[in-house]
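For reference, the structure is listed below as structure tokens.
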Amino acid sequence: MAKEILGSVQIAGLATVILAATPDVLSWHLSAGGIVRAPAYLLLLTGLYSGVRLFKTGQRQWLASSVVLFGLMVLSHPTYTSFFATSYLLLYVAYDRSLLGLVRGASVAAGGFILAAPWWTHVLNNYGMATITGAAATHEGLINELPLIIARLSGPFHAGNAILVWNVLIFVGIAVLLWRREGVLPAWFALAVLVMNEPRFPLVPGVMLAAVALHSLLTHQLGDGTDADWQQWRSVARWGIRGSVVVVVGFMIFVGGVYASGSLVGGGPSMVSFIDDDDMTTMDWVQNETPPDAKFVVLGDAGEWFPYFTDRTMLVGRWGVEWTTPAEYRAQLTKYWELSTCHTEQCLTETLHRHNVNPEYVYVPTEQYAALGIVQHQPPSMRQTLVDSERYQLEHESEGAAVFRVVGEQDITRENSSHSQSTSSRRTTTAITTENVGDGVAFDQFNQRPSTKHSTGPR
């Protein structure tokens, strides 16, 4: 696709290497949940290439392949489908703009939906349109707000992390192409930033922009001159530029390798694991040693797998609640986040009481764990205060998780001012916004306050 758009094998090669080393691409498609997103990403990239060829050549074989790929895309992932469709609109404007081209684009959409119709007809007949629209209403809207766009683009500059290299190269690539009056990739990047709510989508044109920036450095003319000193300086400068490009690309590959390996990044693993062997041991105990009708509250993202491995009821959880109502999803998301970021018995008890949740057991991670994909570090005080409490009785413990049975009530009335102070001190202040069905939530790390911002429309 990069070769087709930019007309250069060298730039296409650079773009491919950069994409393969991009942390956002790796973390979303190799980590937990990637088994769904990775095939969708393959269909997306293949479909976009087919779309470029379709609108450039108008050949029928590209129409057929685009229809099939879009149909498979509709069946695989709704968020990727949104980017597929909006990108086709841009490709039409960039390379065709004829009535026949518009008909071809409409044929791709119609044909894809027809191919996917048997499945979606079955789903709608069983569950109704209200279930689908209700799930869609739990996600962010199609148009991102300007402050959020600015925050996401400038975030790496403020944080000073490795992603800054990608952002700088993308902006340089935009400047280079605009200087050359080649606006397709800059427009595509701007559209993706405006419409899509995850960096992995703007990075599709973004890696090509970064490759343009690096290639322009390699091919930049340093001027003419016949003086021997000038010739020597130009030779040194040329090799210096080449060496710098090699260092930058090598650094990007190194960063990508660190993320792909699951190494520690920013104080936590780059590929967050929601469950481990300790969780599996504890869940086996739950399945074998607790009543089949026992009701649990599970702290952390291990709750995603808890009902499957234990066959027990979980009272608080965001998974699957998208298919009820947006209000119920927001309520469950709030309960889940507040409970999963508790690190003392007092916090846990107060939060359960405030939300009127009455479990028979509480599943508590006792070491490092994830909540909404964010790494949490459980202090020893959590286990100790639960053990010391008359309300909870330790029933089972592995190295990384413990199960407490709720055995009594305590007076949890607190002054409002005291409650407010304890709440602010015990929670990680990371804003949360809903993401697409099946993916849970995305994180706005630039708004330092808890949030449950939701708007209608697919993400």
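For all residues, glycine too, the Cβ spot is worked out from N, Cα and C.
TrEMBL lists transmembrane segment for one of the ranges 101-120, 361-380, namely 101-120. With a threshold of 8 Å between CB atoms, the same-chain residues lying at least 6 positions outside the transmembrane segment (36-55) that come near it are 1, 4-5, 25, 28-30, 62-63, 65-66, 69-70, 72-73, 76-77, 80, 83-84, 87-88, 91-92, 94-96, 101, 104-105, 108, 200, 204, 438-439. Counting Cβ pairs closer than 8 Å and at least 6 residues apart in sequence, the transmembrane segment (239-260) and the transmembrane segment (159-179) reach three or more and so form a contact. When each of the listed stretches 101-120, 159-179, 199-218 is scored by C-beta pairs under 8 angstroms to the transmembrane segment (67-95), 101-120 comes out highest. Within its own chain, the transmembrane segment (159-179) is flanked in space by residues 18, 22-24, 153, 185-186, 189, 203, 206, 208-214, 216, 248, 251-252, 255, 266, which lie at least six positions past its ends and keep a Cβ under 8 Å from the stretch.
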